[in-house]
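The next block holds one structure in the form of structure tokens; read it before the comments.
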Amino acid sequence: MTTTTPASKAPTEPPVRRRIPKLSINLRQYGIVAALAVIVILFQILTDGRLLLPGNVNNLIQQNAYVLILAIGMVIVIIAGHIDLSVGSVVAMVGAVAAISMNNWGLPWWGAVIVSLLVGAAVGAWQGYWVAFVGIPAFIVTLAGMLIFRGLTLVLLTGGTISGLPAEFTAIGAGWLPSYLGELGGRDVLTLALGILTAVALIVFQLRNRATLARLDLPREPAASMWTKNGIAAIAIIWFAWLLSDYSGTPIILIVLAALILIYNFVLNRTVFGRHVYAMGGNLFAAVMSGVKTKWVNFYIFVNMGVLAGLAGVVSTARAGGAVASAGQNYELDAIAAVFIGGAAVQGGVGTVVGAVVGGLVMGVLNMGLSILSVDAAWQMTIKGLVLLLAVAFDIFNKRRAGGR
Amino acid sequence: MEHSIILRMNNIVKDFNGVKALDGVSLEVTRGQVHGICGENGAGKSTLMKVLSGVYPVGSFDGSIEFEDHEVAYKSINDSEHDGIVIIHQELALSPYLSIAENIFLGNENATRGVIDWNKTNREAALLLARVGLDENPATKILELGVGKQQLVEIAKALSKRVKLLILDEPTAALNDEDSAHLLGLIDHLRTQGITCIIISHKLKEIKRIADTVTVIRDGKTIETIDMNGPDATEAHIIRAMVGRDLNNLFPPREPAIGAEVLRVENWTVHHPVDVARKVVDGASFTVNAGEIVGFAGLMGAGRTELAMSLFGHSYGTNISGQVYKDGKEIQMRTVGEAIEHGFAYATEDRKRYGLNLIGDITVNVSAAALAKLAKYGVIDRHREYKVADSYRQKMNIKAPSVGSITGKLSGGNQQKVVLSKWIFSGPDVLILDEPTRGIDVGAKYEIYGIINELAAQGKAVIVISSELPELIGICDRIYAISEGKLTGEVAKADASQETLMHYMTAGKD
Ligand SMILES: Nc1ncnc2c1ncn2[C@@H]1O[C@H](COP(=O)(O)OP(=O)(O)OP(=O)(O)O)[C@@H](O)[C@H]1O
Ligand SMILES: [Mg+2]
């Protein structure tokens, strides 16, 4: 006896396959950018428009450069399934070495920068060795590193501070590009030009990318959505340049940051190394069984983190104008928070450079907005903690909804 | 009461982001029967059972469910378990470091005010183990058990919850014939005790042997419900309902063109990674020629996978000794990277653990073992990568909206096809396939055999490890039998029969 159930009565055409997955991933990326926009607008209103005064916008970059640099290194560490708790201490130690190298050994500013990056690399190699080749969890290795490098900083500075650093050095953290193109109505023309150039480059790049996709007949985002998204981004960039041009022009560190974002975005998305990082975070065993040299990848991830921590040390020492033993306190937590606000997963395998940078900016805007409102430090900390928690909770909620469970 | 309907699922529709996994499935299960569910990979079988058991809560799908004549609305798996519906998933979910007893009562502990009564727990666990016919100490840790025994622990766990409707999603996919037979016997036994059972399987022989009724699902729709005591109770009929056409041969035709020796392994000995004194592979010597398909038959735990993994870049075991010759030259493969460079590929039997990046999409998984082929100066050509992945999606018939789909969300059989694609794309000379058709539907099996044949025709040396003897006999030119780490026999295709193989596979055992 065969019964055909009523459900299969009419032959229907095969289900229409829509290309949703791609879009839902983008939604997550938009989510964090939207959150940044909301926070900016919120504080702009709360501070009666003071948040986006040119001086504050400038400070937002110069004050937060260290978090953004650390977050770029940290997102790679976290995607691979590790964590680095030592970066704050490394920032302090590198700052001390940089100051000593200039004031005691008489190195020029660029010599100090090179020494700083090398010290960072050495620290990274040290920690990478223990994590990758000995197999001690990064949490432990870098917790130890946090103590070791803080201790060494105290030894180097013998409890005091070193100030009076050369002006070329402090310019890295607190200086601007010279006004090569002069001024127009009190605004720095170079900054405006750079802003417009970046916006144009963005659009051209997107269009070229689209053209390639079309040529290869690959799925594309709808034109309307692409234009809205990039249109808004281009306008935001130009507006940002407009504000900066009214202050002191383009912060030097902004150029450094832009270069880092471009480079690391490329590394994670386009290179074999970046792919291996994601593969290891996604399933370490499967990565090993696919021939990924996981030990070396881990080692390089930490060396890279060390170099970036060294750079962050240079930047924050330059900005502060001197080295103090207490520098870099809690920087690791800021960087880790930025990465998670930016959509990385605690289990590893997920995260982006752009997300981490936007996450860092969210933290930065919060800091700045709350300071302008003269909210006291205790409450600032509390609020930042809550924002971190909510951001990640929102992300998980979103994912669950998208996953249909 | 005898022939009452225990479960009715009416017109269930479930979609994931606009992709319909279930498109109006209806199902009726009679009390006290074993109800089989068949369908191609990705047809929606597992999804249907997840809807039933509350994994997907009420509201996340359309349609209604009646259990024991009441319309039910389960918000979670706890709700359905409360009613006596227990699901054992395709991928087992036991906690490896806990004991059998602890696992059985996990979330359901025998405790007074939070303090566990261990005597009672172990006593009851022992009783349950006796009921499922598992002769193990309840204090044994799960990780010491093979899959077959773990499956029985899952059933014991279900029994501890006073199960009325037991759902088994591909319970025998990872079991050998012996363990499968035991499991089916147990299901028979449960049926006499009045427990209703839903079983999903791609092994139609088993379905034919055990099921009273079979429902076939295709593309998220119910196609047919077959009474297995009636005239339509044939494998051919089920297959036709599953794939929508007749499938006359189980194995595609092939003209073997066997060339020179590609791989020779001599005296390969591997010790257990923890219990170092124990030899897991003991002096194995064998050869594989170009264009040849060589099978490895053995019982669970005989050392087939261990042999393959230890060859493939020493991925398993310690104290490995022996020689490997490729094209007559001795080679060393101490890491997976070296093995891949020497033209080896190993498609694992354990896709979730060793095979896939489950949070990555199809593209990154297909390219994972051969990124070097797609990259220049360390930069990946992503357009080419996409094209490659998409061509495998079409060739292997991977059921997914696009190669951007996350592999963790594919159905089990489609995940298996991704693993195979990855290793075929790596372009090996020696391809080791460990249980290549595990969890794969009949139609797709035929396609995969075709692909294996094609690889052999290209002159590759192919090794197939399988627990299904008919499969080995059907596709291999030569079969080695392995028992307790030793190669105990070598059988040419012409002489291969299940009996001969079984004889060698159990050689040296008491
Ligand atoms: N969480 C999810 N997100 C998106 N799609 C999903 C999800 N789970 C299942 N699907 C899709 O639903 C369809 C049915 O999947 P299901 O796992 O039910 O198949 P199946 O019949 O059990 O196949 P198999 O025999 O291979 O196990 C597949 O196309 C699958 O990709
Ligand atoms: Mg399934």
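Here the Cβ of each residue, glycine as well, is placed from N, Cα and C on the backbone.
Lifted from TrEMBL, the feature list:
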type	residues	note
TRANSMEM	A:27-46	transmembrane segment
TRANSMEM	A:66-99	transmembrane segment
TRANSMEM	A:129-149	transmembrane segment
TRANSMEM	A:154-177	transmembrane segment
TRANSMEM	A:189-207	transmembrane segment
TRANSMEM	A:227-244	transmembrane segment
TRANSMEM	A:250-268	transmembrane segment
TRANSMEM	A:275-293	transmembrane segment
TRANSMEM	A:299-321	transmembrane segment
TRANSMEM	A:333-366	transmembrane segment
TRANSMEM	A:378-397	transmembrane segment
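Sequence-distant neighbours of the transmembrane segment (A:66-99) (same chain, 6+ residues past either end, Cβ-Cβ under 8 Å): 112-113, 115-116, 119-120, 123, 127, 131, 137-139, 142-150, 152-153, 156-157, 162-163, 165, 169, 257, 260-261, 264, 268, 277-278, 280-281, 284, 297-298, 301-302, 304-317, 319-320, 322-336, 338-340, 342, 344, 346-353, 355-357, 359-361, 363-364. Highlighted: of the candidate stretches A:27-46, A:189-207, A:250-268, A:378-397, A:27-46 has the greatest count of Cβ pairs under 8 Å to the transmembrane segment (A:333-366). Long-range neighbours of the transmembrane segment (A:154-177) within the same chain, counting only residues 6 or more positions beyond its ends whose Cβ lies under 8 Å from a Cβ of the stretch, are 62, 65, 93, 96-100, 102-103, 108-109, 112-113, 190-191, 248-253, 255-256, 314-325. Between the transmembrane segment (A:299-321) and the transmembrane segment (A:129-149), three or more CB pairs separated by 6 or more residues in sequence fall under 8 Å, so the two stretches touch. The stretches the transmembrane segment (A:27-46) and the transmembrane segment (A:378-397) meet in space: the count of Cβ pairs below 8 angstroms, excluding pairs fewer than 6 apart in sequence, reaches at least three. Listed by sequence, the residues of this chain that lie at least six past the ends of the transmembrane segment (A:378-397) yet keep a Cβ under 8 A from its Cβ atoms are 28, 31-32, 35, 337, 340-341, 343, 359, 362-363, 366-367, 370-371. Within the chain, the transmembrane segment (A:129-149) has long-range Cβ neighbours (under 8 A, six or more residues past its boundaries) at 77, 82-86, 88-90, 92-93, 123, 294-296, 298-299, 302, 332.
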